[in-house]
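TrEMBL lists 4-62 with the feature domain 'Malate synthase N-terminal'. Taken from TrEMBL, the feature domain 'Malate synthase TIM barrel' covers 158-390. Residues or ranges marked as active site, proton acceptor in TrEMBL: R162. Among the features that TrEMBL reports, domain 'Malate synthase C-terminal' is placed at 414-528. Residues annotated as active site, proton donor in TrEMBL: D448.
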Amino acid sequence: MLRGIEIRGKVDKNVKSILTEECLTFLAELERRFGGIRKNLLQKREDRQVDINRGILPTFLKDSDCKRATDKNWKCSTVPSEIQDRRVEITGPTDRKMVINALNSGAKVFMADFEDANCPNWENSISGQQNMIDANNRTISFTSPDGRKYELKNQVAVLFVRPRGWHLNEDHLAIDGLPMSGSLFDFGCYIFHNHQILKSRNSNPYFYLPKMESHLEARLWNDVFVFSQNYLGIPIGTIKATVLIETILASFEMDEILYELRDHSAGLNCGRWDYIFSFIKKFQSYPEKMLPDRAKVTMTSPFMDSYVKLLIHTCHKRGVHAMGGMAAQIPIKNNEQANNAAMEKVRLDKQREVRAGHDGTWVAHPALIPIAMDQFNTHMKSANQISFIPPTTLNLEEIAKSLLSVDLVKPGDITEEGFRSNIVVGIQYLEAWLNGNGCVPIHNLMEDAATAEISRSQIWQWIKHKAPLSDGKSFVTLQYYTRIFKEESDKLEKAHPNSKTLTDAIQIFNNLIVSPNFIDFLTPSCYKYVVESERKTYSPKL
């Protein structure tokens with residue numbers, strides 16, 4: 001074993017093929033150089049939350065490297081021709097069949113997700129990396145139990161990879177006695193094994209970067225990119241990455257984030273579901289910033305509309321793509337009327353995005369690609385519309401106010417139906433996650449960690465501030481939650497008797513709600529459960 005490196009997951013031939021001595025040496029270098037900085041930045045997140053709870057609201061930075069730049073009209077470097085046109089992108093987990101279907105789907109880009117659509121158990125993490133290698137080699141194939149064979153077409157989508165966020169660890173690999181960063185593990189394995197394959201095909205390593213809260217976190221990613229390119233003998237600027245603006249704090253530092261990554265930037269993306277979750281989390285102590293039922297928070301809500309407009313303006317000013325958000329709808333079988341209504345929502349959403357100035361959009365299901373493609377083909381005749389810079393007459397103070405502006409919750413905004421839905425979605429998603437699935441169809445929507453986070457965080461905040469219910473006389477209390485929670489969890493257990501993972505999911509969900517302090521993310525609690533379950537099946541060398 002290499003000095004200070006411990007594989008704490010099961011070691012088999014698949015693990016050995018990914019975690020070679022050379023790859024492990026590279027991963028250790030990443031962790032030793034950047035792991036401490038990551039932890040310091042995570043502490044800054046906690047400190048910032050304390051300030052917000054004390055009443056110090058976010059605002060635009062008055063002084064930053066971006067604002068001190070000699071050339072105020074700086075631009076990000078140009079992206080390669082193969083990703084100039086990104087009008088429709090599909091996302092999904094890294095399992096083999098999904099990768100093949102997504103690459104064959106007709107979308108311009110497939111984002112293979114090691115983050116919100118993935119449960120990072122050891123098998124998923126390792127097999128996902130192998131699937132990326134095979135996809136880039138164009139050798140990936142799959143045969144289903146019923147004998148159906150899946151292979152790549154001649155024309156496939158461009159592959160992007162999303163590693164885990166900075167807050168997540170990889171417990172299966174320890175460097176100098178401590179778990180390494182999940183972000184660095186996912187990124188490091190991918191770039192190490194694929195950079196030469198991509199070069200041979202005249203392509204590049206492309207990434208999506210999630211959950212950032214500041215330009216300092218973007219700077220860390222840029223430093224990781226520069227080091228990795230030097231280590232692997234790749235020209236600086238070969239790596240390109242799109243940052244998901246999915247936290248309220250990052251929305252105040254979009255220009256700075258692009259500046260930090262200007263040699264490696266492939267634009268910004270509206271990560272709408274995590275953005276809503278972030279708004280709830282960051283303003284957990286503010287009763288005036290509670291949000292209504294999840295279904296009522298749309299992209300036309302004033303604070304969401306302001307965020308979209310600022311992102312498009314900022315990206316196009318700096319010469320990069322402004323990507324739209326996810327359509328989570330999936331086809332509804334055996335109900336034509338409901339299906340038509342759902343698809344119409346998708347059409348209108350994508351029409352709104354392209355008319356606003358977005359250069360592309362996301363879908364969660366292949367059936368939505370033609371709908372999204374039709375809107376972008378109709379309203380965007382060129383590869384993108386980066387040259388269009390939407391005018392703005394607002395000053396920074398007014399923009400800051402609009403980003404934080406929500407209507408006060410009133411009776412009728414929070415319904416018992418919405419409350420019950422949050423509980424059911426949260427529990428069902430957690431159960432799927434504990435079983436290794438991070439992307440789950442529930443109630444005709446494709447749910448991932450972000451939507452589950454909204455479900456549980458809304459309930460926590462509604463209880464904390466005794467949100468008014470529809471009748472105008474009742475309020476959300478812990479007692480109200482306990483009653484509804486028992487009714488819904490009993491229904492689930494009756495429908496799925498003797499399911500240990502369901503029982504555990506119910507307990508985890510309840511713990512998140514009744515905790516006196518808001519728990520930042522639900523995935524670490526679930527990840528601990530997954531790792532402990534894995535270790536019962538083998539004896540790792542510790």
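We count from 1, first residue shown onward.
Glycine is treated like the rest: Cβ placed from N, Cα and C.
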Calculate the distance in Å between the alpha carbons (Cα) of R162 (active site, proton acceptor) and D448 (active site, proton donor), and round it to a whole number.
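Cα-Cα distance, R162 (active site, proton acceptor) to D448 (active site, proton donor): 14 Å.
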Sequence gap of 6 or more, C-beta under 8 Å: which same-chain residues meet both conditions with respect to the residue listed as 'active site, proton donor'?
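Correct list: D116, A117, W273, Y429, G438, C439, V440.
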Note down the number of other Cβ atoms within 10 Å of the Cβ of the residue listed as 'active site, proton acceptor', including every protein chain shown.
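Counting Cβ neighbours of the residue listed as 'active site, proton acceptor' within 10 Å gives 24.
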